[in-house]
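Written below as structure tokens is the structure these notes are about.
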């Protein structure tokens with residue numbers, strides 16, 4: 001239950017006007033900090049919703065695939081440059097960001113993650129790696145500014161941030177594939 005309060009506190013903190021203005025003033029902060037922290041707030045609040053609305057999750061997210069698909073759709077939507085511009089200019093798009101990232105991306109992914117096999121988890125990471133690679137190319141090598149509210153250098157910084165995420169995902173996949181994970185997730189009664 002503490003996780004819920006931490007997630008809610010994080011969400012409310014991010015919604016404060018000075019914090020929101022600061023994080024949206026730089027494109028890298030907007031994309032890689034504010035949106036990521038909104039997603040994390042949803043991850044933290046997920047156990048509360050699983051406990052109180054478990055029937056909904058059991059009925060509609062039995063295999064975990066619908067939750068992952070919803071997460072990917074929301075993620076792809078918020079990676080579009082136009083949606084970042086609209087979030088800065090139109091208040092209800094900003095509100096949609098504060099609702100969709102925690103509750104339609106973070107909560108479903110946390111519910112889905114425990115239902116997925118390790119192979120499916122690696123597939124999700126590979127999908128993210130491909131998406132982030134495309135975004136890296138798009139933001140770094142674009143000839144013109146994609147977001148009207150940010151400078152070209154901000155755009156390229158976001159692209160390099162995506163490149164860093166791709167590198168982290170590649171290292172994680174290699175770690176999982178070439179190390180014995182059973183020693184980390186074994187039976188605790190043996191210790």
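Numbering starts at 1 and runs along the chain as displayed.
Every residue gets a Cβ built from N, Cα and C, even glycine.
Feature annotations, reproduced from TrEMBL:
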- 31-48: transmembrane segment (TRANSMEM)
- 60-78: transmembrane segment (TRANSMEM)
- 90-107: transmembrane segment (TRANSMEM)
- 119-140: transmembrane segment (TRANSMEM)
- 160-178: transmembrane segment (TRANSMEM)
Checklist entry - Out of 31-48, 90-107, 160-178, which stretch touches the transmembrane segment (60-78) the most, going by CB pairs under 8 Å? => result 90-107
Item to check | Best-contacting stretch, by C-beta pairs under 8 Å, relative to the transmembrane segment (119-140) and drawn from 31-48, 90-107, 160-178 | outcome: 160-178
